[in-house]
Every structure is written in structure tokens, then in C-alpha cells.
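J.: Swiss-Prot feature annotations, pasted as is:
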type	residues	note
BINDING	14, 50, 79	[4Fe-4S] cluster 1 binding site
BINDING	147, 151, 154	[4Fe-4S] cluster 2 binding site
DOMAIN	5-115	domain 'MTTase N-terminal'
DOMAIN	133-374	domain 'Radical SAM core'
DOMAIN	377-443	domain 'TRAM'
């Protein structure tokens, strides 16, 4: 039997794209290909691209160029792949280009240029949970593709299509495999998590689905309840502020899913929100936040905002700062508006000069850092559950229920030598200090 061919792989972009990469890698390994992390020795290189903002497009184009220069045989997939002409204009020598979540097309192209190897069908090449690019103790779980919203700053629907929710049975089966394989934290992702199954209402009304021998509804609340029964932390990301999101908060208060809500609000000026085609009642949002915290006092709220959107006046920006001050959000990300080819907002009048975007960005972050520092300071003296992400000679680094990997803060544990711990273990840590982003504590 000849040795298996090597496939190099580059994964760019968000966690949703990372899930696509994991799916492709699992398919490759199932077909007997070796996966390597270098260009040298690869029979072909796959680049899974991002195309959300111009800087991501540039990074993707540079990665394609690097792969071509160092290997020469390159297949491109992912969000930027939806703009084939843009890629061909700069890199005409790319072998094949597909759009996002085009798993079958990618595999077809791989087989064309690097024939499927022979291997023993009695040898399992893939773990039951599939190939994962995250540490063994946490994993991303994608519950749908695409989005039905048409936010004017975004081109995701043009690349990934309209909302297409996965079957609740398939999602729960995947989640159970992950937990059985040792995953301690499931991070639920999609373009629009709170829209899950809304596209399947008619279909779901006419049939009954079963999981573990019991009939279940195919909706977001049921999905969260069942995920919460598996024994792992369940964290929700990218939750659009629909009214039915209110129904998730009691599940968090009961401990069925983590008391953590990643809800991108984008702005606080009614005028700007209308121009963005986003929900515009900030007063209602503040009322909901107050109610959520009454129901679930330990709730962590994360959000993202855009400053420098076309037409944003100083008055609009001040409304955003006022909202931050009143809402007292726990975790906040801020982006300076970036024109994206194909986005409606790119062609709007009253584009904001870069120096004003920069100045507003710094004012925004300066205020939020003060808010974050105070909210974290309030945790000093409390004993919190912490999941361990890193262990080395200097100490332990972990995260509380309030911290998602990569985007939120961490907990540095000082006296770790007192007990034996391992990656993915959830331990109790007493918080002793805090800054604007991170915590320090002792076992």
C-alpha cells in the first residue's frame, strides 16, 4: 500500500469558519489523507478564507499568495471564495475556488488533483467527534448556516446565503459525541443563533422529531435545554436580540446553560441603528437588560459595537457612550467602521474620516475599560468555577463562566502547586485581584 498524500491546510476567520475547516479536515482524514501544517511536503494546500471586512480579505489574499509561492498547488474555499473573480484577478494560478460550506465541492477538487489514497477500511482514521482545531476540552458547535437579516454593514448573506438551520437531532447527536470524547464546554455558534429553526416553522409543524426515544420540539429553547442536560458548559454566541431571547434567561438562572449572552447591539443611536437596519429601541433594550439581571444576577453580557458608521454625528456617538454607562455591560468589543465591497453602507454619504473614527474608538474603549474594571473588581473575594486552559511552570490560566475563549478575559491562578490539576478540569478559585480585563486568584 502506497503512503498517503499530504494536504496542507490554512484556516482563517471566525469560529464559524473554523467549524467549516474542522468538517473539511474530518472528510480529508476519513478519505485517508494526511494533514500537515507546512507547505513543504504538501501535495496540495487548501486555504479556507474570510471575506467579512477589507482587512480580512487582504489577509486571505496574502495567505493564498504565500501558499502559491511556497507550494504552487492551491484550492481556495470559504467566504472570500464567493468572490471568485476578485481572487482570480490577483491569483489566476489557483487551481479551484469554492464558496463557504462547500464541503463536497472541496473534496471533489482534492480527489481531482490528488487521487484518494488506498487504506484499510478496518482502520479508523477519525475520532468519533471528528477532527477538532480547538483544545480537547472545548469545541464550537454550529447550529445553522446563513442569515436572513440584511444589515447594511454586512455582506455575509451574499456569501453564506439565507438562514438554514440544522436538524436538532443532528446537533444533539454531535454534541453528545463531543461530550463523550471529553469536551467540557460547548460554544454554540451560527450567523444568527437566536433565529435557530425559525426557517423551519412550517416543516416542523407537520412532523414530530425524536431524540433518545422521546419526542422533542425543534426550536432554540428545546435545543438549549437538551444541550444543558449533557453535563458540559453551554455558551451561546451571536444572539440577535429577538423578543424570544427573554426565554433563555430562566435557563441560565437554573444553571442549564451558562449565564452568558453574546448579543451584538452595534450602536445606541436610533438614527444609526435604522441606517444599519438593526433593532432601534435602546430604551427597550435597557429595560430587558434590567429584567434579565433581576432573573439571573450572575448574567454576563457581551456585545460588540461599531463606531464611525457613515453619518454618525458627535450626538450619535454620545448616545452610544451614554448607553454604555447605563447598561454596564461586562464584555465589549468595538470596531471602527470598515468599508466592505458589496455592503450598502460602503456607498452611503457622510463617510467618517479615519482620524475621527480613531478618536471615537479610543474614547469608547477608555469608558468601557473603566466599566469592565469596576465589574471585575466586584468579583474579588468570590469563589468562582474556573475551567483550566493552560498549565505551565509559571502557573495555571483558566476562564470563569463569564469568559469565552480567545475573546474575553482569563484567570491567573497563583498557588497551583498545592493541588494536582489537568487541562479542561473545572476547579474552584477564590479571586484575589483584578484589572480591566483579567482576574487573579488562588485555589
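Every residue gets a Cβ built from N, Cα and C, even glycine.
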J.: If I restrict to non-local contacts, at least six residues apart, and a C-beta distance under 8 angstroms, what lies near residue 151 ([4Fe-4S] cluster 2 binding site) in its own chain?
T.: 266, 276, 277, 278
J.: Once the chains shown are all counted, how many other Cβ atoms turn up within 10 Å of the Cβ of residue 154 ([4Fe-4S] cluster 2 binding site)?
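T.: There are 22 of them.
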J.: Using all protein chains shown, find which of the binding-site residues 14, 79, 147 scores highest when you count other CB atoms within 10 A of its CB.
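T.: Per the Cβ count within 10 Å, the most buried is 79.
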J.: C-alpha of residue 14 ([4Fe-4S] cluster 1 binding site) to C-alpha of residue 154 ([4Fe-4S] cluster 2 binding site): distance in Å?
T.: 14
J.: Excluding 14, 50, 79 themselves, which residues in that chain have a Cβ inside 8 Å of the centre of the Cβ atoms defining the [4Fe-4S] cluster 1 site?
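T.: What remains near the Cβ centre is 12, 13, 16, 17, 49, 51, 52, 56, 78, 80, 100.
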J.: Would you kindly give the Cα-Cα distance separating residue 79 ([4Fe-4S] cluster 1 binding site) and residue 147 ([4Fe-4S] cluster 2 binding site), rounded to the nearest Å?
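T.: Cα-Cα, rounded: 14 Å.
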J.: Using C-alpha atoms only, work out the spacing between residue 50 ([4Fe-4S] cluster 1 binding site) and residue 154 ([4Fe-4S] cluster 2 binding site) and round it to an integer in Å.
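T.: Answer for this pair: 13 Å between alpha carbons.
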J.: Return the average pLDDT for the domain 'TRAM' (377-443) as a whole number.
T.: 91
J.: What does DSSP call residue 79 ([4Fe-4S] cluster 1 binding site) in the simple three-state scheme?
T.: helix
J.: Within 10 Å of the Cβ of residue 50 ([4Fe-4S] cluster 1 binding site), how many other Cβ atoms can be counted across all chains shown?
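T.: So the Cβ neighbour count for residue 50 ([4Fe-4S] cluster 1 binding site) comes to 22.
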J.: Between residue 79 ([4Fe-4S] cluster 1 binding site) and residue 154 ([4Fe-4S] cluster 2 binding site), how many Å separate their Cα atoms?
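T.: The separation of the Cα atoms works out to 12 Å.
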